[in-house]
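Q: Have a look at this one.
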Amino acid sequence: MLQLRLLPTFSMGCHLLAVVALLFSHVDLISAETEMEGEGNETGECTGSYYCKKGVILPIWEPQDPSFGDKIARATVYFVAMVYMFLGVSIIADRFMSSIEVITSQEKEITIKKPNGETTKTTVRIWNETVSNLTLMALGSSAPEILLSVIEVCGHNFTAGDLGPSTIVGSAAFNMFIIIALCVYVVPDGETRKIKHLRVFFVTAAWSIFAYTWLYIILSVISPGVVEVWEGLLTFFFFPICVVFAWVADRRLLFYKYVYKRYRAGKQRGMIIEHEGDRPSSKTEIEMDGKVVNSHVDNFLDGALVLEVDERDQDDEEARREMARILKELKQKHPEKEIEQLIELANYQVLSQQQKSRAFYRIQATRLMTGAGNILKRHAADQARKAVSMHEVNTEVAENDPVSKIFFEQGTYQCLENCGTVALTIIRRGGDLTNTVFVDFRTEDGTANAGSDYEFTEGTVVFKPGETQKEIRVGIIDDDIFEEDENFLVHLSNVKVSSEASEDGILEANHVSALACLGSPSTATVTIFDDDHAGIFTFEEPVTHVSESIGIMEVKVLRTSGARGNVIVPYKTIEGTARGGGEDFEDTCGELEFQNDEIVKTISVKVIDDEEYEKNKTFFLEIGEPRLVEMSEKKALLLNELGGFTITGKYLYGQPVFRKVHAREHPIPSTVITIAEEYDDKQPLTSKEEEERRIAEMGRPILGEHTKLEVIIEESYEFKSTVDKLIKKTNLALVVGTNSWREQFIEAITVSAGEDDDDDECGEEKLPSCFDYVMHFLTVFWKVLFAFVPPTEYWNGWACFIVSILMIGILTAFIGDLASHFGCTIGLKDSVTAVVFVALGTSVPDTFASKVAATQDQYADASIGNVTGSNAVNVFLGIGVAWSIAAIYHAANGEQFKVSPGTLAFSVTLFTIFAFINVGVLLYRRRPEIGGELGGPRTAKLLTSCLFVLLWLLYIFFSSLEAYCHIKGF
């Protein structure tokens, strides 16, 4: 932050030193002209004048010939007022740029037709980025200079002035030399920034130099000293021509007409952008407003549009993976933080990394200067607070339900046939707990029948004041018959509330719903498991889905149709697309031992969470053939742990039944288990043995329908939801825009912390610095005043746009009068005042914005690429509009619009020469030794920055010498 604040201050110091040197070099002229009368002003155009003219708004400060002390006082007042007006213009320009960001971020929905006939919908930006940069963005950045030129001409009876044109040229020089010098220097040593859209830079740079060359041509070559109507209009019409050329260069419509262009979703803004490639054989058509768009029908999105859906999906996936990576890194770096804090950190980091417009950097710079804080951090914190608030509101609503709800604790209950009774729990939640609530219950047959499988039960449950839970019991009838699992239902009905208002103490039915009602579930299903069979073992379902963040997943193995005896069921995991060994899950195998009457066991498998945005991997969990275990086998297994024994047994009708355990006197190191098969299949069975076999076959444990469970590992829902929320919040128009006047007034009176060096800790609350407080109190008047400007939510930003530009025009009129009166008070010509002071005041926000863009952006386009385009727009709009109006006015009156070519033509020529040097140096820096227009080795940075600062000082020096006739101009 220290560097951010000192470097622009250093450039301001250069300005002031230049002015001081200029004043001292002309002290003899100023002293000689101290006694000059007003009428002598025309006798010497080469000297400054103490005779002030009436401004567009401000009157003359009488008397015209004050004492030396009064001059110092007046100059101080004018200077302070001018600086304060510059602060006001910066703040209203902030609102203006916010509206432009919202306007240029407008989207339109389109329908994408895939080759297979499927259609999906997506959005595209309406405004082309290059067009918006050269039109609305440039207008927002240069509105004070443009309006100053127009207001000066219109406010002085359509006569040419020096303040407006000189401000435009001076601002162009400051932008081209000082701002670029600063951007070159602030990039960290060893890092570089290159211009990404070089062809657009070439076009705008060429038009920028041409604009000032054109000024010289119409002032000194075509019609010296006179601006004709066609010259003014042509100057203005060069503006749309420049925009079209830049757009053509950006879209390659001339030289790249036959190069196939594909469109994909941009990672940063969620928009569809274009790149080149080979034309595929299949096309994807796009519909907008019901019309199919292709290269033969329409010229949508600046050219032939064939959208590669698969590639767009890949880019979306890449963006989501990047979001997921950021969240994982933050979670590892800050394990102690809650999810809301991690969302805030991730949101801020995502917003910081994405590509931003010139408007955003201008807004960010202004708010940092005026104590309004870092808008990215404020936005991230607001989003996190909103998420917490919504959670708290939902929780509070659920807990404060005014109606008592009566329902079963769970919708399903299970019991064994020999359990005697089954207990069902009824819950009372919400409402007034001081009331007494009555609810009826009644059993109903399902596959189980009352009287043979369970006891029919009905009654009324009474919840006394303060009671929230009651229990009812239903009798279960046991038998010795093998049968399938059966179920019956228990219903709740007829909720009543006790009240003293009625004679019987019970509310009428039509009054009950306001105090109590049935909740969900109001019906419970009771399943009776048969206990006369060893059981059928199965999973609940063939497929299950689990989140990768589950940690330990538990899978139930059910024992149905009986629960008699102890049974061992082996299980194991099998790899599918998911890999074991700790990559996607940990390999698991073992045995489940079901005790007598035990009907469910769980298998635990550890799932590895690698926090992928999208995941769909499978593995399998399989159970093996169950086997019945008698007590003798359990003893054998226990002795096995002690060591040394031999098991002898026999197969009974195909099933291993263990009978005896013979322990050795002296245990041996290795356990040896010998199972002797005593049953011979060839031996005929007696009738008794046949009956025993039939009964054993009927009662043995078997596998059920689902013996192999497919486990599908999916991404974490919470993790994916968080990433999706971050994806949706990357539109910067939501960050800089406002939704209500209330929001604007709160923001206006709130002082926030500015930039800091520890960006990673943005989740921690930062206190405003002394600088933040000072700047806030200096600018709070402007903040509150401009809070009356309509929010950017209205009319899609156009209401804010119109009101803001009117406010800028009013303040610019004041600035023009103050600058002119300040100059005449100290004896400076308007051309010098404009080049130095006014150009400085209007360029300080751009200086901060370019510095931030140079350090944060991956490319140099946002920091210096727009400087050249802005310079061209200043001439074509600022001078073109003003001179066109004046030329038409004078032509209508049969007069000529006269403009003195001297100072302006000289400044324009000087600037053009230096601009060629500037552009040449920037292009040379793209060589591999340096690597880019900005940054590079420290020595190269210093030399480049010093050269550009020297060019600006020479421009100021020679322009001032020519203005005071020390050197001859044109």
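Note that Cβ sites are derived from N, Cα and C of the backbone, with glycine treated the same way.
These figures come from a predicted structure and were not determined experimentally.
Here Swiss-Prot flags GLU417, ASP479, ILE481, GLU483, ASP530, ASP532 as Ca(2+) 3 binding site. According to Swiss-Prot, the Ca(2+) 2 binding site annotation covers GLU417, ASP478, ASP479, ASP531, ASP532, on the basis of a large-scale study or a structure entry. As annotated by Swiss-Prot, Ca(2+) 4 binding site applies to ASP453, ASP479, GLU483, GLU486. Here Swiss-Prot flags SER282, SER389 as phosphoserine. What Swiss-Prot records for 839-875 is repeat 'Alpha-2'.
Thinking about packing and proximity, how do these listed features fit into the structure?
A: Neighbour count (other Cβ atoms within 10 Å of the Cβ, all protein chains): 25 for GLU417 (Ca(2+) 3 binding site). The DSSP secondary structure for GLU417 (Ca(2+) 3 binding site) is coil.
Its own atom aside, the Cβ of ASP478 (Ca(2+) 2 binding site) has 14 Cβ atoms within 10 angstroms in the protein chains shown.
Neighbour density for ASP453 (Ca(2+) 4 binding site): within 10 A of its CB lie 21 other CB atoms from the protein chains shown.
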Q: Indicate whether ASP478 (Ca(2+) 2 binding site) is helix, strand or coil by DSSP.
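A: In the DSSP reduction, ASP478 (Ca(2+) 2 binding site) maps to coil.
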Q: Give the number of CB atoms, excluding that of GLU486 (Ca(2+) 4 binding site) itself, located within 10 Å of its CB.
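A: A count of 19.
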Q: Counting other Cβ atoms within 10 Å of each residue's Cβ, which of the binding-site residues ASP479, ASP530 comes out lowest?
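A: Relative to the other binding-site residues in ASP479, ASP530, ASP479 has the fewest Cβ atoms within 10 Å.
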Q: Please count the residues of the repeat 'Alpha-2' (839-875) that DSSP assigns to helix (H, G, I), strand (E, B) and coil.
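A: Tallied per class, the repeat 'Alpha-2' (839-875) gives 33 helix, 0 strand, 4 coil.
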Q: Quick check for the class: what is the C-alpha distance, in angstrom and rounded, between ASP478 (Ca(2+) 2 binding site) and ASP530 (Ca(2+) 3 binding site)?
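A: That comes out at 9 Å between the alpha carbons.
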Q: Specify the secondary structure state of ASP453 (Ca(2+) 4 binding site) as given by DSSP, simplified to three classes.
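A: The three-state answer is coil.
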Q: C-alpha of GLU486 (Ca(2+) 4 binding site) to C-alpha of ASP479 (Ca(2+) 3 binding site): distance in Å?
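A: Cα-Cα, rounded: 13 Å.
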Q: Please give the average pLDDT for the repeat 'Alpha-2' (839-875) in this predicted model.
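A: For the repeat 'Alpha-2' (839-875), the model's average pLDDT rounds to 77.
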